[in-house]
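Data first, discussion second: the structure below is written as structure tokens.
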């Protein structure tokens with residue numbers, strides 16, 4: 001058992017190094033210019049999560065939403081300017097949280113190593129540390145990303161995987177980022193952390209009428225007892241006040257209970273339920289739901305996060321190193 005536990009980190013290190021080489025990233029990128037960079041992030045993240053454990057999920061989500069639009073370039077962190085509506089103001093991003101925590105960590109790095117560590121790398125490291133602090137796996141993060149100068153709400157609305165998506169649609173979006181069907185079902189496991197506002201799933205609970213006048217049915221793929229419990233919190237499709245845990249009873253801990261909920265038709269989003277309607281994703285859900293393959297899921301999640309963290313990165317002389325993550329230099 002000890003030999004296997006040693007081999008897993010070594011395999012992840014090899015994967016991270018191989019993937020990084022393709023993306024022009026590097027393990028230990030700041031070893032000379034800011035040698036304590038990862039330590040600074042880790043220590044500040046420990047304070048952040050100790051004070052607010054529920055932030056682990058939102059910080060992980062920030063990284064996801066960043067990487068799926070223009071790659072992992074911290075463009076999701078930029079605020080609006082005259083004539084530009086940024087990604088963070090797009091409808092799918094309205095509920096994003098954790099921006100202040102990113103600025104807090106970045107400020108610590110700027111004090112130690114001014115103008116060296118990019119916001120894109122900060123967010124990538126913070127998402128990894130959020131998982132670790134929530135009792136999830138550790139994986140090596142190759143660094144050297146640079147920050148993007150463009151941020152578009154329109155692009156975010158068009159490119160982010162929708163919570164209502166089925167597997168064919170989601171697989172197409174993931175493929176456009178170099179991610180496959182296994183990455184889709186594995187990264188869906190991030191829903192073990194965090195909570196969601198009612199409008200993102202309440203259309204599964206109530207009859208609704210769309211703009212073209214057609215009637216929507218209560219989602220039959222949702223377990224009826226679970227739907228009843230959700231209705232107690234979400235009084236209507238437009239209820240924006242209440243939050244529901246994506247992994248009830250375990251939403252602050254990174255574990256495999258999300259898959260047990262999905263297997264029982266108790267996934268919160270349509271995209272969760274959709275995993276049972278594709279043979280490949282259903283097989284993975286049911287396997288991990290047994291609770292006997294937690295180590296496999298942790299390894300798979302680490303591998304998929306390494307792949308996602310390399311999507312569309314800017315390196316070398318591309319982009320910039322922002323001094324503050326919410327504004328261009």
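Even glycines carry a Cβ here, placed using N, Cα and C.
What TrEMBL records for 65 is active site, proton acceptor. TrEMBL lists 66, 69, 71, 73, 75, 87 with the feature Ca(2+) 1 binding site. Annotated substrate binding site per TrEMBL: 161, in sequence order. Look at TrEMBL and you will find 191 tagged as heme b binding site. Per TrEMBL, the feature Ca(2+) 2 binding site maps to 192, 247, 255. The annotation disulfide bond is assigned in TrEMBL to 34-113, 67-72, 119-325, 198-234. Residues or ranges marked as domain 'Plant heme peroxidase family profile' by TrEMBL: 24-329. Annotation source TrEMBL lists signal peptide at 1-21. Residues or ranges marked as site 'Transition state stabilizer' in TrEMBL: 61.
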Additional residues surrounding Ca(2+) 1, by Cβ distance to the 66, 69, 71, 73, 75, 87 centre under 8 Å: 65, 67, 68, 70, 72, 74, 76, 148, 151, 312
Which same-chain residues, if any, lie at least 6 apart from the residue listed as 'active site, proton acceptor' yet have Cβ under 8 Å of it: 76, 87, 92, 93, 96, 156, 160
Confidence summary for the domain 'Plant heme peroxidase family profile' (24-329), mean pLDDT rounded: 93
192, 247, 255 excluded, remaining Cβ within 8 Å of their centroid (Ca(2+) 2): 189, 191, 193, 250, 251, 253, 254, 256, 257, 258
Between residue 247 (Ca(2+) 2 binding site) and residue 234 (disulfide bond): CA-CA distance (Å): 16
Residues near residue 119 (disulfide bond) in space but at least six apart in sequence (CB under 8 A): 74, 77, 102, 106, 147, 322, 325
Among 69, 325, the most crowded of the recorded positions [Cβ within 10 Å]: 69
CB within-chain contacts under 8 A for the residue listed as 'substrate binding site', separation at least 6: 68, 169, 170, 173, 174, 271
Cβ-Cβ neighbours of residue 66 (Ca(2+) 1 binding site) (radius 10 Å): 32
